[in-house]
Amino acid sequence: MVVASVDNLADERSKAQFDVGAMKIVWAGSKHVFDVTDRMARIVASDPEFRKDNRTTLGRKELFKNTLRKMAHVVKRANELRLTEEEASKLRFFVDEPGYLDLHWGMFVPAIKGQGTEEQQEKWLPLASRMEIIGCYAQTELGHGSNVQGLETTATFDPKTDEFIIHSPSLTSYKWWPGGLGKVSTHVVVYARLVSGGQEHGIYGFIVQLRSLDDHTPLPGIIIGDIGTKFGSGAYNTMDNGFVCFNRVRIPRNHMLMRFCQVTREGNVCLSDVPKQMVYGTMVYVRQTIVSDASWALSRAVCIAVRYSAIRRQFGSQDRGIETQVLDYKTQQSRLFPLLASAYAFRFVGEWLKWLYADVTERLQANDFSTLPEAHACTAGLKSLTTSVTADAIEECRKLCGGHGYLCSSGLPELFAVYVPACTYEGDNVVLLLQVARFLVKTVSRLAAGKKPVGTTTYMGNAEHLMQCKSSASSPEDWLKPSVVLEAFEARAFRLAVACARDISKFSTPEAGFAELSIDLVEAAIAHCEVIVVSRFIEKVQQDIPGDGVKEQLQILCFIYALHLIHKHSGEFLSTGCITPEQATLANEQLRTLYGQVRPNAVSLVDAFNYTDHYLGSALGRYDGNVYATLYAQALRDPLNDTVVPDGYEEFIRPVLKQTMRLSRL
Ligand SMILES: CC/C=C\C/C=C\C/C=C\C/C=C/C(=O)SCCNC(=O)CCNC(=O)[C@H](O)C(C)(C)COP(=O)(O)OP(=O)(O)OC[C@H]1O[C@@H](n2cnc3c(N)ncnc32)[C@H](O)[C@@H]1OP(=O)(O)O
Ligand SMILES: Cc1cc2nc3c(=O)[nH]c(=O)nc-3n(C[C@H](O)[C@H](O)[C@H](O)COP(=O)(O)OP(=O)(O)OC[C@H]3O[C@@H](n4cnc5c(N)ncnc54)[C@H](O)[C@@H]3O)c2cc1C
């Protein structure tokens, strides 16, 4: 039985029609990134300190202490190996355990870099880099998260002492959720309402020391702790998401992050000549990183489900002969291959977004704020789209693995539990889509005023054509033409956005219309985000891509991504008149053909992710395909199997059995 499993994946690999090594480089982004990633993944996988297969069986306290041990080991190894920032960040990634280091490096440091003055950066960044202080990012409160302007914490300037007084005026103003805050961080960037001279001046970030650097006890005026156990076993419970209440805590004036707004010794508030949304910059940065992370999480789930589907056999045999691999069932393919294609799509759009972010950052430094709204809309929209799809996809992969997918040893339940809050943190996904919709409606109304759209909305400049065009697809093959596919996506997105803008104008105020039509607006926003992903994927496959058969495989995946969306949203494509029912049928026919083309390459396409068995953490997704023996070995290691007769037998099983025996004798 075991030998048959191993043979299956070897067979699968022998069928690949492309150069897997070359695809690994495409997936990584470059040979350099591949080398770094591969080396860091192996360092983690070969170090017993980073073992993670017992996580779901540990209680919260044990689990958390275990994470602290691993984080300390990460820091030690990074120092011993003299890792660069890039290498250290990959090392942390492959440790694959949410912990305070994520927030320290992922939000505290970027907040200081983005919002601190040069002097502030010179003071705080070396301390943070050497980890002489540990920081987190506290924006959300018990009563407000999405509505940043509704935050209640105050930072009142006291000109007598040249200090800010940080205060939590109510229970709902307690900071609530920040990762790393509960038990570890010594410092925090806290977001509060700036008050000076009796006037409010908006929300800004302030660096506050939370705990003593000598004995880690909270400083005077600070009540602090963990907010409690979260969803799932193991999962995000390795993180000390925390609460904090500030009781008139005093900090020096220069602890306010003053890049965009300065408070003078006299308490005068001087706003720099920049948009006030610059203070939201850390969120834009993190949303961009979350899009890249989505492709990692999605590809990991897909890798498990594809390999297992090649191993798993059900039905289809005559006379108890060999059964059919479940990967051969068209229904399995139609659920799995679009997810495989989405993993590649998100990888490429993530890379593009990184470029966009770098570009806007460069412009901002040169005081060019023109692309800020587009950067906000793209990061918000793509964060929302990719995390929602990924969370649903992990759950779909669990179902695709049948009963065994429900076991923690499949790796999927914990992956889902760790991943699903990505739909909420860094902005609730619906709230973020409404931001995109606001941007789209503005773009449409600017069009009417003769303004030319730029960036990702450039396609809207072709307004007349997009409102009237009818798809030319007359055969399944026509759906392999980039121009045919793109036109359908652009026309659907534009028509939905225009309909929203038109309908909003029928209400007494734009605000009333926006609120009433928010369901349609969210759909228009998704359609626009899908234009971005589809067009970036098409752009990618039109480039020169080295490696035998690599480009062909990516083209297949690109069209699977696009055509499965046409199928999924066929209602919208049809109701907006972008395609006809017959054309929808042709697209489906092509999709089925494409599934057949991916089938022999599926295992190799997930091998190209280059994941170690340690990172996958799954009995079902092992590289060698040795699924059943691993499931059995892991079952035997479960704490319940420590003894043959369970603890509690004497107390709770024997009395029941005795009672039943007595009753049956009556
Ligand atoms: C590398 C490691 C990565 C990660 C770290 C590790 C782990 C990650 C795990 C967890 C960390 C989680 C952290 C957090 O969750 S931190 C808290 C995040 N909180 C949020 O995201 C709150 C969401 N809410 C908002 O962003 C705003 O409140 C919202 C945009 C919804 C509304 O803003 P506002 O109240 O100002 O109102 P509007 O009128 O809607 O907007 C006014 C104006 O401003 C423009 N805008 C809004 N946001 C931005 C932005 N970020 N950048 C630029 N411009 C922005 C908006 O479009 C409006 O423009 P206009 O229409 O022209 O007036
Ligand atoms: C695991 C995790 C880690 C986190 N880490 C941090 C951290 O490090 N630092 C930090 O500051 N915060 C952190 N957060 C908090 C996070 O940023 C917020 O939870 C998030 O921004 C959502 O805000 P909320 O909780 O107020 O949701 P709410 O806004 O209360 O959302 C509740 C519901 O209301 C809907 N809704 C809200 N407003 C609107 C609207 N205008 N229109 C339509 N629907 C609406 C939402 O769609 C949602 O369905 C974390 C959260 C989680 C889960």
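Glycine residues also receive a Cβ, built from the backbone N, Cα and C atoms like all the rest.
The domain 'Acyl-coenzyme A oxidase N-terminal' annotation in TrEMBL covers 20-134. Applying DSSP to the domain 'Acyl-coenzyme A oxidase N-terminal' (20-134) sorts its residues as follows: 90 helix, 0 strand, 25 coil.
Taken from TrEMBL, the feature FAD binding site applies to Thr140, Gly179. Following the DSSP three-state reduction, the secondary structure of Thr140 (FAD binding site) is coil. Taking Cβ-Cβ distances under 8 Å and a sequence gap of 6 or more within the same chain, the neighbours of Thr140 (FAD binding site) are Lys175, Trp176, Trp177, Pro178.
Restricting the average to the domain 'Acyl-CoA oxidase C-alpha1' (280-441) gives a pLDDT of 96. The domain 'Acyl-CoA oxidase C-alpha1' annotation in TrEMBL covers 280-441.
Under the DSSP three-state reduction, Glu426 (active site, proton acceptor) is assigned to coil, being neither helix nor strand. For Glu426 (active site, proton acceptor), the Cβ neighbour count at a 10 Å cut-off comes to 25, with all displayed protein chains included. Marked as active site, proton acceptor by TrEMBL: Glu426.
The feature domain 'Acyl-CoA oxidase C-terminal' is assigned by TrEMBL to 482-658.
Here Gly179 (FAD binding site) is positioned 12 angstrom away from Glu426 (active site, proton acceptor), judged by their C-alpha atoms. For Gly179 (FAD binding site), the number of other Cβ atoms no farther than 10 Å from its own Cβ, over all displayed protein chains, is 24.
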